[in-house]
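According to TrEMBL, the feature transmembrane segment maps to 12-31, 43-61, 82-102, 165-185, 197-220, 240-265, 277-298, 393-415, 436-457, 463-486, 507-526, 554-575. Here TrEMBL flags ALA22, VAL23, ASN27, SER251, ASN283, LEU402, SER406 as Na(+) binding site.
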Amino acid sequence: MEKARPQWANPLQFVFACISYAVGLGNVWRFPYLCQMYGGGSFLIPYLIMLVVEGMPLLYLELAVGQRMRQGSIGAWRTISSYLGGVGVASVMVSFFVSMYYNVINAWAFWYLFHSFQNPLPWSVCPLNSNHTGYDEECEAASSTQYFWYRKTLNISPSIEESGAVQWEPALCLILAWLVVYLCILRGTESTGKVVYFTALLPYCVLIIYLGRGLTLHGATNGLIYMFTPKVEQLANPKAWISAATQIFFSLGLGFGSLIAFASYNEPSNNCQKHAVIVSLINSSSSIFASVVTFSIYGFKATFNYESCLNKVILLLTNSFDLEDGFLTASNLEQVKDHLASAYPSKYSEVFPYIKNCSLESELDTAVQGTGLAFIVYSEAIKNMEVSQLWSVLYFFMLLILGIGSMLGNTAAILTPLTDSKVISSHLPKEAISGLLCLINCAVGMVFTMEAGNYWFDIFNDYAATLSLLLIVLVETIAVCFVYGLRRFESDLKAMNGQALSWYWKVMWAGVSPLLIVSLFAFYLSDYILTGTLRYQAWDASQGQLVTKDYPTYALAVIGLLVASSTMCIPLGALGTFITRHLKRGDPAPVA
């Protein structure tokens, strides 16, 4: 059976598959946001500590389990104990939920990529209103980039309760995104192994090009100084440490079953310990590298907005007080404002409400994460660059490749247990299984292309894989260390690659990592309880901004089902095995 199992052509393919899966959109849009939120350079201290005590050990654990058991997540944990089959089922459920919504990001990337060839870029200017007497009111209230995202891309409804219709253009992009994924996973490792070279390497090429461009942009140094200036007081903030642990955990893709699936196609003698360290370090280095690129562009955007604000104020005061052109500058603006306020108090009071308070620091302090950073902040910076079409094509193509690389891992976590199943694989070829998976996901994913689709996207993004993954990985570490036995697992690893397990891995697996996961689990539960009613951000077209609203009851029910449907697989799987064993008369007592 082991000989019949497909394998990677070489260890490099496996490493590239793990890198392509782990290095994804979270590195580009979440890590920079966390740096911005929790002290810039000082955030790297908790981040690197969490990498050592959580990221590397848990990544090595999953790779070792997959390589030793040579099965997908369901079969691997069932081999360790028949009562643990539910752990694998929970991983598959989480991966299925993530696949349903994650490919929508690729659909949006396709949408922006297609529009990047227009001159001027469609999000660079506001459209005219219906009377052609001025600009669209919603666009003027917001900005051209926000208008293109919320109105042209999403055509978002005012609330989650107003579902609206499916938007055919994003729907076609979603079909295209799933077609690309299907072609990449069509023949399992045979096709995926070739694609990962491209999906792993190309984003770095684009980031290097962007770094060269970003460092030459006016104001880029403002962003880099902001990023690397440490705010040491944030080290005393528990949320900074919790965010660092969470980022490491989810960035590496732990608990989804994807890493177990990838490792199951390795040669049994493969040195997965070395590969776990390599992938962990590359993933974290990629986050820091992407942050340098992001903050150079973010500095350019903030500086551009700050200087535009100053120019508007200078123009307003020059015209209002008949000042000589060129008299007012950024350096003497505050002194002249004070002089005008004292010399012409009544006239200045009339003009004062229209004078904006321009601040570079406040522009840099504006924290944006997720789709807001990827599709609004970046597009706003790109529209102000020279040859903006070129930079737009490069950026959204990179975003698309990052998304596809992560999708290969998500789908592998589902497909490997399915193709391992004799019942399914004996009736359907792997091409048909892959096709059905993509078809089902695409059909369900159409919900996210409706007018209220972005609200449902946020629900899946926030709740489908948070508590569930923490519970899954906690059970995994307990299963290996205390059910299968750490000494037994150590001898298995030594038999595979001839290396003894060091004390570091044992201490992390049996003690530090589980305690850290329990702490994260407790934090999330307490945070949900203390928060009270769960809320979401809805788009108000009249104000041109997001407003906070309470989730309706049925949305809260969906959130509960998302969390429960995966987490309950673990106890229900164990209970099902227990009942089945005891219903069979004459069977010996169950032994783990």
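Positions of Cβ are set from backbone N, Cα and C atoms, glycine also.
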Same-chain residues at least 6 beyond the ends of the transmembrane segment (82-102) whose Cβ lies under 8 Å from its Cβ atoms
72-76, 255-258, 260, 403, 406-407, 410-411, 413-414, 417, 437, 441, 444-445, 448, 456-457, 460-461, 464-465, 468-469, 471-472, 475-476, 479, 483, 562, 565-567, 569-574, 576-578, 581, 590, 592
Within 8 Å of the Cβ centroid of ALA22, VAL23, ASN27, SER251, ASN283, LEU402, SER406, the other same-chain residues by Cβ around the recorded Na(+) site are ILE19, TYR21, GLY24, LEU25, GLY26, LEU252, GLY253, SER286, SER287, GLY405
Listed in sequence order, residues with CB under 8 A of ASN27 (Na(+) binding site) and six or more positions away
SER251, ASN283, SER286, SER287, ALA290, LEU402
Are the transmembrane segment (277-298) and the transmembrane segment (436-457) close, by which I mean at least 3 Cβ pairs under 8 Å that are 6+ residues apart in sequence?
no
Which one of these stretches, 43-61, 165-185, 463-486, 507-526, has the most C-beta pairs shorter than 8 Å to the transmembrane segment (240-265)?
43-61
Can you tell me how many other Cβ atoms are located within 10 Å of the Cβ belonging to VAL23 (Na(+) binding site)?
29
Please name the residue among the binding-site residues ALA22, LEU402 whose C-beta has the most neighbouring C-beta atoms within 10 angstroms.
LEU402
What parts of the chain pack near the transmembrane segment (393-415), using Cβ distances under 8 Å and only residues at least 6 beyond its ends?
17, 20-25, 27-28, 72-73, 91-92, 95-96, 98-99, 102-103, 105-106, 109-110, 112-113, 116-117, 180-181, 184-185, 188, 192, 195-196, 198-200, 202-203, 206-207, 209-210, 253, 256-262, 374, 378, 382, 430, 433-434, 437-438
For the transmembrane segment (507-526), could you work out the same-chain residues 6 or more beyond its ends whose Cβ comes under 8 Å from its Cβ atoms?
50, 53-54, 56-58, 61, 242, 245-246, 249, 466-467, 470-471, 473-474, 477-478, 480-482, 486
Taking residues 6+ outside the transmembrane segment (197-220), which of them lie with a CB under 8 Å of any CB in it?
13, 16-17, 19-20, 23, 286, 289-290, 292-293, 296-297, 299-304, 385, 391, 394-395, 397-398, 401-402, 404-405, 408
How many other Cβ atoms sit within 10 Å of the Cβ of SER406 (Na(+) binding site)?
27
Just counting, how many other CB atoms are there within 10 A of the CB of SER251 (Na(+) binding site)?
24
How many neighbouring Cβ atoms, not counting its own, are there within 10 Å of the Cβ of ASN283 (Na(+) binding site)?
24
